[in-house]
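Trainee: I am attaching a structure below and will ask some questions about it afterwards.
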Amino acid sequence: MSNVAVVGSQWGDEGKGKVVDWLAERADVVVRFQGGHNAGHTLVVDGVTYKLSLLPSGAVRGKLSIIGNGVVVDPWALFEEIERVAAQGVVITPEGLRIAENAVLILPLHGNLDRAREAAAGNAKIGTTGRGIGPAYEDKVARRAIRLCDLADEDVLRFKVERLLTHHNALLRGLGEPELDADSLISALLEIAPRILPFASPVWKVLDEARRAGKKILFEGAQGAMLDVDHGTYPYVTSSNTVAPNAATGAGVGPSSVGFTLGITKAYTTRVGAGPFPTELFDDIGRTIGERGREFGTVTGRPRRCGWFDAVLVRQSVLVGGLRGIALTKLDVLDGLDELKICTGYRLDGQVIDHLPASMKAQSRVEPIYETLEGWKDSTFGARSWADLPAKAIKYIRRLEELIEAPVALLSTSPEREDTILVRDPFLD
């Protein structure tokens, strides 16, 4: 029996929600280990659609759900989400949801700063969701953040808020924004403290006990490897490490506790917001893929940019993240296309390269080298076995496996969780 870490292998929006829910039903514990409420995922359970941003996917299935120390938590957004799922019949209690007591809090000032910076940047903006995730991580690294455990001691909270505002008010002055009052922020935090503190827990200890008891643990990542702050298309990235090895750090467990690492991978490529995208399509095929795949952000509603499958990027994600298999999603979106292209390399300054360079300028200048495969006419939608797939679809899948150097462990053929072909069980690896 193995624990499993699930991460995106592209720029996020790969369909992690469905795959995580499929695995969560079989897990005992589900853990979020990075990110904030900037990345949403959609689950369909018994015909009911849930849209989650902070809550682990196991929460809607009654599993022990954990928000790890690597997550930045907006308390107000959290309770909005808890109230939203409660209206759908899912009750979240401190017995079922544990939040790391050392998790950093996102405060209203973080969102304000995020949006002010984006507005000031003009055409050079990164394309953040404006929800304060980046500024909260900045405060964490600078050792001035407010953590969940700080809400339990008013004296400590006041000292830390005043210290925090010394920094933030200087930034706000520089942006021409009004300064913040410490008393107002402290009052807001003390008001929400009795609601969120019952969820606070030493989650590293909870996870250690679960591991010793032989419980199956599912580590749930947000965004995707190409949005990783170190390994992604910097600076057009998120503010945390999204690759699989961070599951251990962001949850408070040893690396050996993670087990099987599964990369969720679309059968094509999408991206939201600014940043390089070598295989982006600007023609009718790109628009067709976007319409068929319903490519709009769960949180932002922004249309996603669409393009051909980039095997160079995914192979890089496999190698950097130590992915042992992928879950291939949205294959059905490609049904009926006459031909399909796969990016197998890049051309840069006349040279052929097999990776995405780190330089922002070089990333924007690489040209994709394509291999063309014949498409298939029969539908793959809802297929539940390899026998249901067209031969040319199987050929496409096998070629992807060769190029990215990782096998397909799961194949998703519709948003419904039952429409999944299991090739290799991650929990039994």
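The backbone N, Cα and C atoms fix where each Cβ goes, glycine too.
Just lifted these from Swiss-Prot, have a look:
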| type | residues | note |
| --- | --- | --- |
| BINDING | 12-18, 40-42, ARG304, 330-332, 412-414 | GTP binding site |
| BINDING | ASP13, GLU14, GLY15, LYS16, ASN38, ALA39, GLY40, HIS41, THR129, ARG143, GLN223, THR238, ARG302 | IMP binding site |
| BINDING | ASP13, GLY40 | Mg(2+) binding site |
| ACT_SITE | ASP13 | active site, proton acceptor |
| ACT_SITE | HIS41 | active site, proton donor |
| BINDING | THR298, VAL299, THR300, GLY301, ARG302, PRO303, ARG304 | substrate binding site |
Trainee: When you look at ASP13, GLU14, GLY15, LYS16, ASN38, ALA39, GLY40, HIS41, THR129, ARG143, GLN223, THR238, ARG302, which the record names as binding IMP, what is the longest CA to CA distance in angstrom?
Mentor: 34
Trainee: Just checking: which of HIS41, GLY301, PRO303, LEU331, THR413 have a Cα that is within 10 Å of the Cα of ASP13 (IMP binding site), counting only these recorded positions?
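Mentor: Those near ASP13 (IMP binding site) - Cα within 10 Å - are HIS41, in sequence order.
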Trainee: In terms of DSSP three-state secondary structure, what is the assignment for ASP13 (IMP binding site)?
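Mentor: Once the DSSP labels are grouped into three classes, ASP13 (IMP binding site) ends up as coil.
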Trainee: Can you tell which of LYS18, HIS41, ARG302, ARG304 has the least company, meaning the fewest other C-beta atoms within 10 angstroms of its C-beta, among these recorded positions?
Mentor: ARG302
Trainee: Which of the binding-site residues ASN38, THR129, GLN223, PRO303 has its Cα nearest to the Cα of LYS18 (GTP binding site)?
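Mentor: That would be GLN223, the closest of ASN38, THR129, GLN223, PRO303 to LYS18 (GTP binding site).
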Trainee: Counting all other Cβ atoms within 10 Å across every protein chain shown, which of the binding-site residues GLY12, GLY15, GLY40, GLY301, PRO303 scores highest?
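Mentor: When each Cβ's neighbours within 10 Å are tallied, GLY12 tops the list.
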Trainee: DSSP secondary structure for THR413 (GTP binding site), reduced to helix/strand/coil, please.
Mentor: coil
Trainee: If H, G and I count as helix, E and B as strand, and all else as coil, what does DSSP give for PRO303 (substrate binding site)?
Mentor: strand
Trainee: I need the least crowded one of these binding-site residues (ASN38, THR42, THR129, GLN223), counting other C-beta atoms within 10 angstroms of each C-beta.
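Mentor: Each of the binding-site residues ASN38, THR42, THR129, GLN223 was scored by Cβ atoms within 10 Å; lowest is THR42.
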Trainee: Helix, strand or coil by DSSP: which one applies to GLN223 (IMP binding site)?
Mentor: coil
Trainee: May I ask for the distance between ARG304 (substrate binding site) and GLY12 (GTP binding site), taken between their Cα atoms and rounded to an integer number of Å?
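Mentor: Their Cα atoms are separated by 10 Å.
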Trainee: What's the CA to CA span in angstrom from GLY12 (GTP binding site) over to HIS41 (active site, proton donor)?
Mentor: 10
Trainee: Pop the Cα-Cα gap between THR129 (IMP binding site) and HIS41 (active site, proton donor) into the table, whole Å please.
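Mentor: On Cα coordinates alone, these residues lie 15 Å apart.
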Trainee: Kindly assign THR129 (IMP binding site) to one of the three DSSP-derived states: helix, strand or coil.
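Mentor: In the DSSP reduction, THR129 (IMP binding site) maps to coil.
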Trainee: Which one is it: of the binding-site residues GLY15, GLY301, PRO303, LEU331, THR413, whose Cα lies the shortest distance from the Cα of THR129 (IMP binding site)?
Mentor: GLY301
